[in-house]
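A.B. asks: Annotated substrate binding site per Swiss-Prot: ARG74, TYR129, GLN197, PRO198, TRP199, ALA200, PHE201, PRO202, SER203, SER204, ALA246, in sequence order, evidence recorded as sequence analysis. Residues or ranges marked as Zn(2+) binding site in Swiss-Prot (evidence: sequence analysis): CYS103, CYS106, CYS121, CYS124. Swiss-Prot lists ALA163, GLU183, GLU224 with the feature divalent metal cation 1 binding site. Taken from Swiss-Prot, the feature divalent metal cation 3 binding site applies to GLU179, GLU183, GLU224, supported by sequence analysis. Annotation source Swiss-Prot lists divalent metal cation 2 binding site at GLU179. What Swiss-Prot records for 130-253 is domain 'Nudix hydrolase'. Swiss-Prot lists 164-185 with the feature motif 'Nudix box'.
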Amino acid sequence: MLRKGDVNRVANAYWCVVAGSEIWLVDGAVPFGSAEQFSLPEENARQIGDYLGSPVMWINFADLEQDLPLVSLRDCLHFPEPLFMLLSKAIQYGHMTQSLRFCPQCGGRNFLNNNQFAMQCGECRTLHYPRIFPCIIVAVRKENQILLAQHPRHRNGMYTVIAGFLEAGETLEDCVAREVHEETGIHVKNIRYFGSQPWAFPSSMMMAFLADYDSGELNPDYTELSDAQWFGVKEMPPVAPTGTIARALIEQTISDILSD
């Protein structure tokens, strides 16, 4: 962990300047060099990891005196996974500083703790860590078809797999079954874990599953979805982009179908 006073010893680093779910890039890449080179306030920087042997530093855009062009984190999905994960971490820490400005315990003003990535109340000294929202995401297979859905926010016609937030007192497997049934009307079986991905929009943790169709007729909930259909591997619509765990689930399901 890099403390505030240690930052001056960083010669060259990757600099993650973040605001909301946006990040600063230079010529399409995370800027690499010294803080002085980019006129960045290194006293406000924190190290969040290392990439290719160099430190990765996080700074909030609000701490800058200069205006910088920002792009969505989604535009970085093609970056190498270790780097994208660090950018996601920077986004989530930035969101922490904005969403936890005041202490939920006593209402006092929170400040960034110098020894760990948490906000700390200046009055009661309570530590508040980044809020992470657990979500499931699942690819459902029915014989040689995969279930894909379209959401109203997908303006480009993109289809993806079913996802939703975990409820209190619910297992991940129960959440998978509930979300699929609520959004599409079908029941699933053979629910099995696939992997996970931090999803900093703004602070979700996507826990991915594969499942098989069990019973029921497809009946989309049009308050949640624009469409839901079974697709064969040769009739796939535009799907979630490479770099997302949704795309990984789709590719795994297609691979499983083709290998049977």
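Including glycine, each Cβ sits where the backbone N, Cα and C put it.
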A.B. asks: For CYS124 (Zn(2+) binding site), what is the secondary structure by DSSP, using just helix, strand and coil?
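C.D. replies: Its secondary structure by DSSP: coil.
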A.B. asks: Could you check which of the binding-site residues (GLU179, GLN197, SER203, GLU224, ALA246) sits closest to CYS124 (Zn(2+) binding site), going Cα to Cα?
C.D. replies: SER203
A.B. asks: Any idea what the Cα distance is from ALA246 (substrate binding site) over to ALA163 (divalent metal cation 1 binding site), rounded to a whole Å?
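C.D. replies: Pair distance, Cα basis, whole Å: 9 Å.
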A.B. asks: Spatially, and counting Cα to Cα, which of the binding-site residues is closest to CYS121 (Zn(2+) binding site)? Options: GLU179, GLU183, TRP199.
C.D. replies: TRP199
A.B. asks: When the Cα-Cα distance from SER203 (substrate binding site) is computed for each of the binding-site residues CYS103, CYS106, ALA163, GLU179, GLU224, which gives the smallest value?
C.D. replies: ALA163
A.B. asks: Can you tell which of the binding-site residues (CYS103, CYS121, CYS124, ALA163, ALA246) has the fewest other C-beta atoms within 10 angstroms of its C-beta?
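C.D. replies: Output over binding-site residues CYS103, CYS121, CYS124, ALA163, ALA246: least Cβ neighbours within 10 Å is CYS124.
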A.B. asks: Which of these binding-site residues is closest to ARG74 (substrate binding site) if you go by CA atoms: CYS103, ALA163, GLU183?
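C.D. replies: With Cα distances computed to ARG74 (substrate binding site), the winner among CYS103, ALA163, GLU183 is ALA163.
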A.B. asks: Hey, how far is CYS103 (Zn(2+) binding site) from GLU224 (divalent metal cation 1 binding site), Cα to Cα, in Å?
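C.D. replies: So the Cα of GLU224 (divalent metal cation 1 binding site) lies 34 Å away from that of CYS103 (Zn(2+) binding site).
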A.B. asks: What average pLDDT is reported by the model for the domain 'Nudix hydrolase' (130-253)?
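C.D. replies: For the domain 'Nudix hydrolase' (130-253), the model's average pLDDT rounds to 96.
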A.B. asks: Between the Cα atoms of PHE201 (substrate binding site) and ALA163 (divalent metal cation 1 binding site), find the distance and write it as a whole number of Å.
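C.D. replies: Cα-Cα, rounded: 14 Å.
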A.B. asks: Using GLN197 (substrate binding site) as the reference point, find which of the binding-site residues CYS106, ALA163, GLU179, GLU224 has the shortest Cα-to-Cα distance to it.
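C.D. replies: Comparing Cα positions, the closest of these binding-site residues turns out to be ALA163.
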A.B. asks: Fill in the CA-CA distance, GLU224 (divalent metal cation 1 binding site) to TRP199 (substrate binding site), as an integer in Å.
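C.D. replies: With the alpha carbons as reference points, the distance is 20 Å.
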